[in-house]
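Here's the structure, in C-alpha cells; my notes come after.
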C-alpha cells in the first residue's frame with residue numbers, strides 16, 4: 001500500500017536530529033532509545049544488510065554499533081560513553097586523527113566566511129590547494145581536478161587518460177587482480193572483485209586484469225596488445241592493495257611498471273586514495289621507489305577526517321586535453337571552500353608534525369608486535385604484514401577474522417576486515433596514535449588471541 005508524504009513527520013525527524021546534534025551527552029534512557037531508533041531506521045530506510053555486516057561490533061547486545069562522537073585524536077566514543085582505540089581509521093580517512101583542532105579550526109573559520117563558492121567566480125582556496133599539491137607531489141604532476149571521493153578521483157583519472165590516449169589510437173586499460181578502485185561504473189571496471197562486478201555486468205569495455213606484483217604478466221599484456229593492435233592506454237594500480245588485504249608487491253615492481261609504460265607509451269595512474277597522505281611512512285607510497293606517475297588519485301585522508309575531498313593530479317601534458325574546454329569534466333561540490341580549507345590544514349599538520357616519519361616508526365613497532373603474535377598463535381594467524389601504519393593480520397579463515405574483530409571490540413579496540421578479503425583484518429589507525437596506545441593495542445591483540453585459543457582448545 002502506498003503511503004502519503006508527511007511533512008509533519010519529516011519536520012519531526014529534522015527537529016529530533018537537530019536536538020541530538022546539540023547534545024554532548026545522553027541519559028541512559030535516551031541512549032537506549034537512540035540505539036533502537038538507529039537500528040530500526042537502518043533496517044527500514046538505509047539498508048538492512050549493513051546490520052549483518054556489523055556483527056563483530058554488536059556482540060553481547062551492548063549497542064556498540066552506534067557511535068556518538070570522537071573521544072580524542074585517536075579514539076571514538078559510543079552512545080554508552082565507552083571509549084575505543086580507533087585502529088580502523090574510517091578505512092584511512094583519519095590520518096591526522098579525529099577532529100584535529102587545526103583542521104576543525106580552518107573549516108570553522110572558512111564556514112564563518114563562505115561555505116560554498118558561487119561556481120562562477122574564481123575561488124582562492126582551490127587555487128592555493130592546487131599549487132600546494134603541485135609542490136607536494138612527485139615528478140611533473142602539476143594540475144589538479146577536485147572532487148568528493150576516491151571513486152570520483154579514479155573516474156576523473158580514467159576519463160583524463162581516455163581523452164589523452166584516444167587520439168593516439170590507444171583505448172585499453174590494464175588493472176590488477178585484487179584491485180579496488182571504487183564502485184561507480186568506470187572505477188568498478190578496474191576493480192577486480194567479482195562480488196561487486198557481477199550484478200552490474202557488462203561493465204565498461206577495454207579493461208584487462210593481470211596478476212598484481214607479477215611484472216612478467218604485465219609485460220605480456222603490453223606485448224600482446226602491441227601485436228594485436230589493441231594498444232594499452234594506461235595502467236591503473238595501487239602501490240599497496242588496501243581492500244585486497246594489504247598486499248605489498250615485490251620491491252621494484254612499481255619501477256618496472258613505470259619502465260613498461262614509458263616503453264609502450266602508456267600512462268601510469270597510481271591510486272593512492274588509501275596509501276597517500278603519509279599512511280605508509282612517506283607522503284605518497286610511490287616515493288618508496290621514487291616512481292613518478294602521470295596521474296595520481298587522492299581522497300580519504302586528504303580532508304583530514306573532517307570534510308570529504310578527492311583530487312586527481314596530472315602532468316601538464318596529460319591535463320592539457322581539458323584546457324580548451326574545462327567543462328568536459330566537472331562536479332558541483334568539487335574543490336569547495338570548506339573541503340579545500342580542510343585539505344590545506346591537513347597537509348599543514350602532516351608536514352609540521354612530520355607524521356609520515358611517525359607512521360614509519362610506529363608502524364614498525366606495531367608490525368613487529370603483530371608478527372610476534374603470529375608466531376605465537378600459528379593455528380589462528382596465517383600472516384602479519386604492512387608498511388607504515390597500513391597493516392593487516394591474516395587469519396586462517398573468515399570466521400576466525402570475525403572472531404578477532406569481535407574480541408578486539410570487547411577489548412575496546414576497533415578493527416575490521418577488508419572489502420576484498422574477509423579473513424584479513426586491517427590495522428589502519430590515525431598516524432597520531434601514541435606509543436602508549438600502540439602498546440595497548442598489542443596487549444589487547446594478545447588478550448584477544450589468547451581468548452580465541454582457549455575457545456578453540458575447549459572445542
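Yeah, the Cβs are placed from backbone N, Cα and C, and that goes for glycine too.
Sequence annotations record features per position, and here Swiss-Prot assigns pyridoxal 5'-phosphate binding site to 150, 151, 274, 332 based on sequence analysis. Residue 151 (pyridoxal 5'-phosphate binding site) falls within a helix when secondary structure is assigned with DSSP. Other C-beta atoms found within 10 angstroms of the C-beta of residue 151 (pyridoxal 5'-phosphate binding site) number 22, with every protein chain shown included.
Swiss-Prot lists 300 with the feature N6-(pyridoxal phosphate)lysine. Around residue 300 (N6-(pyridoxal phosphate)lysine), the C-beta neighbours below 8 angstroms that are at least 6 residues distant in the chain are 90, 91, 92, 93, 150, 273, 274, 276, 277.
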Here are some binding-site residues: 274, 332. Which one has the most Cβ atoms within 10 Å of its Cβ?
274
Other CB atoms, at most 10 A from the CB of residue 150 (pyridoxal 5'-phosphate binding site):
28
Where does residue 274 (pyridoxal 5'-phosphate binding site) sit in the DSSP three-state scheme?
coil
